[in-house]
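Features of the protein shown, as given by Swiss-Prot:
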- C47, C48, C113, C142: [4Fe-4S] cluster binding site (BINDING)
Amino acid sequence: MASELDNLPVITTRREEAQGFLQGLVSKGLGWARKYSLFQYPFVTACCGMEFMTVASARYDLDRFGAALPRFSPRQADLLIVVGTVNCKQAPILRRVYEQIAEPKWVVAFGVCASSGGFYDNYATVQGIDRIVPVDVYIPGCPPRPEQVLDGIMLLQQKIQGQQHKLIDRKPLPVVGQEPISR
């Protein structure tokens, strides 16, 4: 049962419209900038690491997608690439690395072992890293071909550009005279 208030037009001020327009432009600009400036932290644990190194070579050139140089501290990265099998003893380490990565952060599961445990179906292997950290893109293969990795990075870039990006998420300051300010 809808009330009469639901049918009334929404009235906005020019300032609210301008803020919405400006936020849209800022969001698109930040999406474009973040899309081409991925600071990766590779968490390499197994044989897929050899194929991962191939992607950075001159033939495939991951640098043209903005994800060239790996960071050696998770605090300097925004993209976690989990390469290979993760066992149960490594799971808390992976979780801690994920928590240390700067916001906004993205995760890529590289290879079938990181995606679903691979052919290691036993008590010591984590059956997919999505049980530990949220995953944005899965790259299949054992090991994945470099072309598949580039497709996965481009898919992640599309996802990043489509997200809503904000500069600062602050509460508005109270206006003097509206209500008393208590500290």
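Quick reminder: no glycine exception, Cβ is built from N, Cα and C everywhere.
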Check: same-chain CB within 8 A of [4Fe-4S] cluster site center, minus C47, C48, C113, C142: A46, E51, V83, G84, T85, G111, V112, A114, G118, P143
C113, C142 as binding-site residues, winner by CB count within 10 A: C113
DSSP-derived class (H/G/I helix, E/B strand, else coil) of C142 ([4Fe-4S] cluster binding site): coil
